[in-house]
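What follows is a set of notes on a single structure, which appears directly below.
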């Protein structure tokens, strides 16, 4: 027996296997996941395993290595989050998200830090030796909402899209703030004196870390898209580039002390549309599937490790400090959301309701990022207290908040995600309105959201697509692609029902029962599409599309009231708009 | 800059990236890969890189770590090979393959070992200090044909299926022999005296290593199939189990000093048909795609590392020894193939032609396995000589033999692989003949290949399928599945050509050119099927199938000449066959 030789890969494989089997186990009992979030169950499994290890070895089980967490477990989850991020709601609410992520996190850090410092002054608690700086450092790691925990809970409760993107977007983008504040306070802890220059440098650093991350991410994303231009003869390695470049963007950002999470999200969102156009359908399925699989496994491992690491003798149980930490985390987050939303609602027509505000405040779950950061703290005599407080906060938020948020959402009747995908008609109208609003903003000289979106789209089609896409000379409108997809789907359904026009003697086969088997449905690839479009709706859409699609394109340019159909040239339109705009300015 | 922190994953990612980019680079020039095998180009890239590293650092570049090779790079390639192994030709030729793999390899090991020992006795060559045991040890590592190198070359030259499976199967299964002989001679080298008991123990060990590997592989394979029974609610982690269990089988086998390669092949071949039936279509695409991708990257990395490791000061250039090694490798392989084929041809109707024999002998490429084994040798004063000889043999076989084998195949007009997949008619006939032969063997009391195949199939459908498959109550004949697939494909083609029956106004869309775009073809999933079945053939098949499929089934039981159609029961047939057989016995 030569265990030493294969130990590392063997144990890694066994951990992943355990995680996967645990996942299967939960889903065998259909009731369990609908009551308790999977993250709680996994932590519970981890706690039991940690207990067993502790019992057998009589020493603390190994804690989750921060390096393993940040280098191997976190990137797949963030990549998945970034790649499948719904870009429209994200960019529509980017202002609010940034406000929550930046101002909100800073508010929480200083709120929690200063109020815990206040608690430390109470003599009865024996905490006078914890300095303000240490409290602020602790605040910087405990304040950040965790994307992994948020995703695990919010994916199951199906709140409306805007609410989801607000909480989830905040949890992703606050990484830049957390990184800066954590590193700032940690270096302050080791400095003899702190000058005002250092503080200003810290503020400047925030922009560097955040924007630097975006820049690194976009650079790698564009390179990735450019690389997939040349993979036509060697389809089989296409999916690799998506993973390699995004991982490289994360590592590069981490290497330069920038925000890796921001980098990988920028990379994934940047490359997505170009890569999808370049790679084959099968490669794309593999990319999507493998991303989901990988993030799912990472996620499972993180929660199990979290449970395992909780057991042991790393903790100092000073209950006043721990309890006040939990209370302050709740209070400052609630206050922060209330104050910030007040300002946000003053500038928006589509306001955030008080129910939504409650869910945003209540959904501020903490997770493995805090946990890894607290173990990365420099050694000092109260580190075990911080570890204990962090553990309790995480368990409290994941178990108590995570398990009660679903009943609360039901009770408050928070607006849910619409179950059906938007119809083709809706999509056309949304796009039409976008163009209209861009035109209005252009004419009125108000350079708003739609104006910039239009400019970006122009830049994209004029330059980026030509460089990054393989077959630029054959651009296809997404509506035509959708139409083709529907046609194919329809055809498959017909074939499966045996109603295809000119295969001559289907009825005999139908009678013999070959084609009417029950598991026909398994082959249909796009489940979501199938649910929303039953054959009748589908036929209607096809009819409308086939009647109107071409005509709209042909008669489109004739909307100008000064000319007869077919006379105007696009150039003249552009001129006219320009003249109108100049007058307005 | 914090490079230390991210060094390990960063460098791994960069190496993989380099390998992938090199692959893309070669395929940009269409002519290059058709003349030079990719493996040669990759070794060349490695040589250049090694030269650069050597030039810059003025010390030998790092050699490929044997642990990395055996634990991380080799398994994906072998898994891919086992999973996509055509099982029919493999099992039809299993006797011949085993003969080549076991007897042939032993023949080569002792042939090369003893004749090199003879060379060592020539005083002019200054090699008297190399003992017989060391020569045999060297023979045991240099004799084995390398599956990675064989696959890289034979995948490009498209020889007929039997020839391919003979060379490739041998290269895979000889691992058990190589492992045993290599470890045996290595332990002999360290023993003071060798008794005859040790030698017999070595012979017995071969069976343990080979059959143990098969057992470990099948155990994990069946467990994997059983696990995928329960993944219906959590499709996204299905592909994971295929990879996890096969990797575990490899590691477990290695741990117990069994043949990991044999184990992973047994695992992959064993689980394939059950896993495929259990997992979803998308999961299956992901499994196939990712396996190909992974093995392709591993393959690339191995050849690049091989090139890099060649450069340096690890070599002792004793030219007589090196040249004779190359010559003996060629001669003993040729002799072995001639002798063994002589015996094989006496017992087979379908003989191996002399052209085929030449290609089998010439296709005995050496590769990274030899290279890794030579570095694993215990340190002794002539190790650098062995390293040099191994390097030269590998480069000679990969470059000279690998580059000339394609012209030779053309020149000799070796029978090629048929370009088209077998038609449905052929498949039906093959299956029919199998049943017929099984029946004949059963009646005549000759328990041959078909008899055992039939028994295995019975055992499979009676027990294994019930345990391992999720939906056993709905078995579908593969011919019905194929028919459904063709129907779907046909429907998609119709939809894309815009000829689907009842979408009303397609002609207008057709005219506008929306549906006739050139890249329609990219969406068709099964490229191979598409090439072989043009719409006409397809329509014919559908017609024939839909007319005859059910009728054959219905009238099938009526072949018995003693009864009228519909009267016989299957039990009576079985009885009759039994009676006939008893008479014969």
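In case you wondered, yes, glycine gets a Cβ from its N, Cα and C as well.
If you look up TrEMBL, you'll see A:12-29, A:35-56, A:68-85, A:97-120, A:132-153, A:165-185, A:206-227, A:247-268, A:289-307, A:319-347, A:359-380, A:386-409 marked as transmembrane segment. Feature annotation from TrEMBL assigns domain 'Cation/H+ exchanger transmembrane' to A:17-409. Sequence annotations record features per position, and here TrEMBL assigns domain 'Sodium/hydrogen exchanger regulatory region' to A:529-585.
Sequence-distant contacts of the transmembrane segment (A:206-227), counting only residues of its own chain at least 6 positions beyond either end whose CB sits under 8 Å from a CB of the stretch, comprise 102, 173, 176-177, 179-180, 241-242, 244-246, 248-249, 252-253, 256-271, 274-275, 278, 464, 467-469. The stretch from A:35-56, A:97-120, A:359-380 that makes the most Cβ contacts under 8 Å with the transmembrane segment (A:68-85) is A:359-380. Three or more CB pairs closer than 8 A are found between the transmembrane segment (A:165-185) and the transmembrane segment (A:359-380), so contact between the two stretches is assigned (pairs 6 or more residues apart). In the predicted model, the domain 'Sodium/hydrogen exchanger regulatory region' (A:529-585) has a mean pLDDT of 50.
Among the recorded stretches A:12-29, A:97-120, A:132-153, A:247-268, A:319-347, the one sharing the largest number of Cβ pairs closer than 8 Å with the transmembrane segment (A:359-380) is A:132-153. When Cβ distances are compared across the two stretches, the transmembrane segment (A:319-347) makes contact with the transmembrane segment (A:386-409), since 3 or more pairs at least 6 residues apart fall below 8 angstroms. Same-chain neighbours of the transmembrane segment (A:247-268): 70-71, 74-75, 78-79, 81-83, 85, 147, 172-173, 175-176, 179, 183, 208-210, 212-221, 224, counting only residues six or more beyond its ends whose CB sits under 8 Å from a CB of the stretch.
Through the fold, the transmembrane segment (A:97-120) approaches residues 90, 127-128, 130, 132, 135-140, 142-144, 165-166, 169-170, 172-174, 176-178, 181, 206, 320-321, 324-325, 328-329, 332-333, 335-337, 339-340, 343-344, 360 of its own chain, all at least 6 residues removed from its boundaries and within a Cβ separation under 8 Å. Long-range contacts of the transmembrane segment (A:386-409) within the same chain, counting only residues at least 6 positions beyond its ends with a Cβ under 8 Å from a Cβ of the stretch, are 35-37, 39-40, 43, 138, 141-142, 149, 152-153, 156-157, 159, 306, 310, 314-318, 321-322, 325-326, 329, 358-359, 362-368, 370-371, 374-375, 377.
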